[in-house]
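According to TrEMBL:
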DOMAIN    179-286  domain 'PAZ'
DOMAIN    420-534  domain 'Piwi'
DOMAIN    545-618  domain 'Piwi'
């Protein structure tokens, strides 16, 4: 196919991207060597220490425990190094054998670039939390909310067309001023109301008071506490409270937190090493649902986290200059690897697409430059309206959702077979919402709408309009339409979400459009075992013809992160310009928002279906709902587009 992969439609515009070029003064390649130790050694830290005794001879290298990577080729393909193990003065022979050369841009090469990057970032005295680095010295105290904000960077190196680029994005980590014990005490007080309290801890990241190390919590052991014993390396036993942290543990009996040791040896068939943590000595990170629902807190946070384009460019440039002004980094990259980083952001030309016409039943309009057509909704009829023969509104008499309310739902369904049930609930408690959805999505196949009492008491026309739109969509209607000329095309979205309680179980959701207007959907959900991310029906290895970035939504504060799309196969032979326009059109078709969204509607819908199943239903929905659209409100994880 001979066509321009960059697309053509729209008004050209000059842009800066958050990418910095990485350059080399020679044709850079990577030499790969295998290392074998005699006697054998399983501990990676010990292997690194033994190899590090020959730093002067080896020069700059990276080591992953088995393979050694170097930017220069050693004189002989196979040689031996003699080291002394510090723990017992035992002599260890290291055999180094050449295995492969990888050229610039190869996958293994890119992996090594990212390892180099991580090693360099450590010289900036940043703290690694998860996969990204943060600066505790530049923390922002939010005393009124008992929070700290740690500014940081999300970085990765990749190959883009013919260039190797460092992608850098500013980031913020929320550090709470409460320990896990504080949080557990709060949960214990509400335990009768919320039986899923462990979910709020498992999967979160904590930072320890005594050494500022971060750990992901994988489980909670309610049968052990700080007075429980553990075995030391010499076979003797001691309690956790006797361990020398130089901190007094005052909390009494508290369940121990369990984390899989991220520094342990990873071998096929070997069990993970578990680290037990004392809740009182662990500081929580991240936001709770209650914090996210606190308007004042989120508004105060936005002052520091939402930055305009000019400030974002300044902060990224400052990061590059800080990187380049650190002698250890410059010496390491240039002297050992013959690499350097530019402090100039990549310049490129983008295109501004024309607003898409939005069709109602009577006439069309568009959202203008802000892609927002909310003001037109109440004055125009929906594109198609569903017919509702009978529907019910139910509300509990008090704040407790008792079995009586669920029995009332069952009674209404048996006696009246309603087209829809609207449930009014007094609070945003997750268990109340989940109970209703499990009843109406699993036990019975009845479309439902759950609304908060305070929202329907306000007589707010904007809220009422949104509720009416969602009800219409769930019954097969469409509030508006964006014209897609191509006929006979199915658009499929696929996503996976993990079960909120059973971590080894996931749910794969699929939605597909069923008409040329792309307003009618088929949906289904299947369980995935062992937390697999991809369905076995999709190939694990894919390659892309071309990719593109799209900013489809408008924001009034801060800046927008573009969405990255990869066309992995195109059997229709659509030119890139058409594929880009089609993607943009589909971002107008998510009916929970009267404006454009970040991703195409099928992608947003399938994520919400997967999330609803994994977080609330925890079982596949009743097949009677497979033909219903599923609208809730969460964010995208990842998607596949498949065109037939």
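Cβ coordinates are placed from backbone N, Cα and C, and glycine is handled just like the others.
Fair warning: this is a prediction, and the values are worked out from it, not measured in the lab.
Broken down with DSSP, the domain 'Piwi' (545-618) shows 28 helix, 11 strand, 35 coil. Mapped onto DSSP classes, the domain 'Piwi' (420-534) shows 33 helix, 39 strand, 43 coil. Taking the domain 'PAZ' (179-286) as a whole, pLDDT averages 76 in the prediction.
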